[in-house]
Amino acid sequence: MNNHLTLTSLNVQGLGRDIIGVRKRREIRDFFQKSQPKPEIILVQEHKLSLEEGKRHTKQIEFARGVSLWNEATYCADKDSFKGGTGILLPEKIASLICEHGVIMKGRVQYVTLQWTPFLIIGIINIYAFNCTGSRSRLWTKIRHYPLPEAHWILGGDFNMIDQLDDKQGGQDTIGRGQREQVAWGDLQVHLGLQDSFRADEFRKLSTKKFSWDNRRYAPGMICSRLDRFYLNHTLIQLGGQTSIWPSLTHVSDHAPVVLKIHQQHFRTQNPPAFNRHLLDDENEKTLLLAEWTRAMALNSDKNWIRAYVCTYV
């Protein structure tokens, strides 16, 4: 399989349940099929579907015959409707690399980890954040304290807030985050070692589009913001790649899809050093080697390659 990784994120603002929903899902699928670079992993926010509905409608969105991980929307009894909900769609060739996946907060945050190479585990967190600073503050804190597995993390989705004033145009001259949220968000970024890929020199922008959302009004009442983003940890940032905000799908959502591609050539890892078979010619070296392997097996009993070495060379 290719070693590059291409992701896209889109707040779909509901995937619908009637014929209009069928058309919407097919339009989303067709758009991603024709996109360049073509996404391998799709992060979906605000699908507004139950778990059963999400699974049933998957075939009208996916185009790679893979696996769909659904974080179902939450039910509002007073309105008799669902709100929120996230999903991660992976093609078959990547689904086989899944190590672990789970839901951090129902309807809002989910994650998956992938054994991308023998030496690199990539984790992806899909976020649909609240639109008020107090709730977002608690969300960032919850993610930071969640027992995530060890991985190099990508944080993507609809953050419903901006990092800096130049992430918006129009409206009030403020970032709209209270002090508690600023602290909680900063703590999460430090905890996972995150950096905004859109601002990283290592990632070339494929378009001049600066904002992923607008309120669909004309000036002077128009407000545009970059609510949808991808953050990467330091290791993944160094790999470099491409990023872009695609044209808005105005008939689908008031959010535009954002895309992230990590370059293929930088994913290639050096082969481990060749085993020195001459160590087996000396009985003392062989004894020391066997003792070290035995100790390693006791500490990492699930590492089958250690057993293979012992069986082959001892």
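Backbone N, Cα and C define each Cβ position, glycine as well.
Unlike curated records, TrEMBL annotations are generated automatically.
The Cβ of Tyr128 (active site) lies under 8 Å from the Cβ of Asn11, Gln45, Glu46, Gly84, Gly85, Thr86, Gly107, Arg108, Val109, Gly157, Asp158, Asn160, each of these being in the same chain and 6 or more residues away along the sequence. For Tyr128, the entry in TrEMBL reads active site.
What TrEMBL records for Asp158 is active site, proton donor/acceptor.
Packing around His255 (active site, proton acceptor) is summarised by its Cβ count: 23 other Cβ atoms lie within 10 angstroms of its Cβ, all protein chains included. Annotation comment: TrEMBL describes His255 as active site, proton acceptor.
Neighbours of Glu46 (Mg(2+) binding site), defined as other CB atoms within 10 A of its CB across all chains, total 24. Taken from TrEMBL, the feature Mg(2+) binding site covers Asn11, Glu46, Asp158, Asn160, Asp254, His255.
The domain 'Endonuclease/exonuclease/phosphatase' annotation in TrEMBL covers 9-255.
Asn160 (Mg(2+) binding site) carries neither a helix nor a strand DSSP state and counts as coil. Within 10 Å of the C-beta atom of Asn160 (Mg(2+) binding site) sit 22 other C-beta atoms, taking all shown protein chains into account. What TrEMBL records for Asn160 is site 'Transition state stabilizer'.
Residues or ranges marked as site 'Important for catalytic activity' in TrEMBL: Asp228. Annotation for Asp228 (site 'Important for catalytic activity'): spatial neighbours Ser9, Leu10, Asn11, Gly157, Asp158, Phe159, Ser212, Trp213, Ile245, His255, Ala256, Pro257, Val258, criterion Cβ-Cβ under 8 Å with sequence separation of six or more.
DSSP gives His255 (active site, proton acceptor) a strand state. The site 'Interaction with DNA substrate' annotation in TrEMBL covers His255.
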Could you say which of the recorded positions Asp158, Asp254 has its Cβ with the most other Cβ atoms inside 10 Å? Asp158
Across the domain 'Endonuclease/exonuclease/phosphatase' (9-255), the model's average pLDDT, rounded to a whole number, is 92
How many neighbouring Cβ atoms, not counting its own, are there within 10 Å of the Cβ of Asn11 (Mg(2+) binding site)? 26
